[in-house]
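Per Swiss-Prot, the features are as follows:
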- 20-194: domain 'Exonuclease' (DOMAIN)
- ASP23: Mg(2+) 1 binding site (BINDING)
- ASP23, GLU25, HIS181, ASP186: Mg(2+) 2 binding site (BINDING)
- PHE29: site 'Important for substrate binding and specificity' (SITE)
- PHE77: site 'Important for substrate binding and specificity' (SITE)
- PHE124: site 'Important for substrate binding and specificity' (SITE)
- PHE146: site 'Important for substrate binding and specificity' (SITE)
- HIS181: active site, proton donor/acceptor (ACT_SITE)
Amino acid sequence: MPDICDSNKLNHRFRGYYPVVIDVETAGFNANTDALLEIAVTLLKMNDDGILVLDKTVHFHIEPFEGANLEPEALAFNGIDPTNPLRGAVSEKEAFLEIFKTVKKGQKASDCHRSIIVAHNAAFDLSFVNKAIERNDLKRSPFHPFASFDTATLAGLSIGHTVLAKACKMAGIDFDNKEAHSALYDTERTAELFCHIVNRWKALGGWPLATPEQSAIENTDEKIES
């Protein structure tokens, strides 16, 4: 169990996992058939006081993979035109190789042994990330293939709401609905929400965990008071 000093280090906070916040924008809900169109990745770090904060963000517009399905309803919802040359889109492979490089660098600097995806309704984002990695036969992914931190679940527990915009506002985080459904904007708001939840839990005394000796003393005090 980490001591009070170690608990302020990122590599001791999440069992050696390096949290990486991700948001994707897609051309549908099916990771097997629908195009991945945009991805943003926000790295996190802990300051000297053990407060989790945003570090840096990388962002890519993605070219639809060959034969990808483009659902008109999805494109109308996120406002993305995959054919627009001004997007500056790159291939899935190019984007993920750069993401791997950036994440591994941050993971190493934090002395963590693996990265774990943080996302709002994380199963959706994780499915598209995993399928893109598989489709491009990319090796040595830094990400855990199935474990994740879902901020929808965490926000529902800690704040009382699962919708990103409403959870952010309830947490005191500015959220502009006009900017929503951009991977870049949503990723950074999700990162702020995750940091808020983690830091609030620490402020309430939930972290670091009490040692067995401390727990024994607290239990004894409770018995005396009762």
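Cβ atoms are placed via backbone N, Cα and C, with glycine included.
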Query: Out of ASP23, GLU25, ASP186, which has the highest number of nearby Cβ atoms, where nearby means within 10 Å of its Cβ, if these are the binding-site residues?
result: ASP23
Query: In angstrom units, rounded to an integer, how far apart are the Cα atoms of PHE124 (site 'Important for substrate binding and specificity') and the residue listed as 'Mg(2+) 1 binding site'?
result: 9
- prompt: Among PHE29, PHE77, PHE124, PHE146, all listed as recorded sites, which has the most CB atoms within 10 Å of its CB?
  reply: PHE124
Message: Just to verify a number: CA distance, PHE77 (site 'Important for substrate binding and specificity') to HIS181 (Mg(2+) 2 binding site), in angstrom, no decimals.
response: 8
- request: Pop the Cα-Cα gap between ASP23 (Mg(2+) 1 binding site) and HIS181 (Mg(2+) 2 binding site) into the table, whole Å please.
  value: 9
- request: Give me the Cα-Cα distance between PHE29 (site 'Important for substrate binding and specificity') and PHE146 (site 'Important for substrate binding and specificity'), rounded to a whole Å.
  value: 18
Field: Pairwise CA distance, ASP23 (Mg(2+) 1 binding site) versus ASP186 (Mg(2+) 2 binding site), rounded so that it is a whole Å
entry: 7
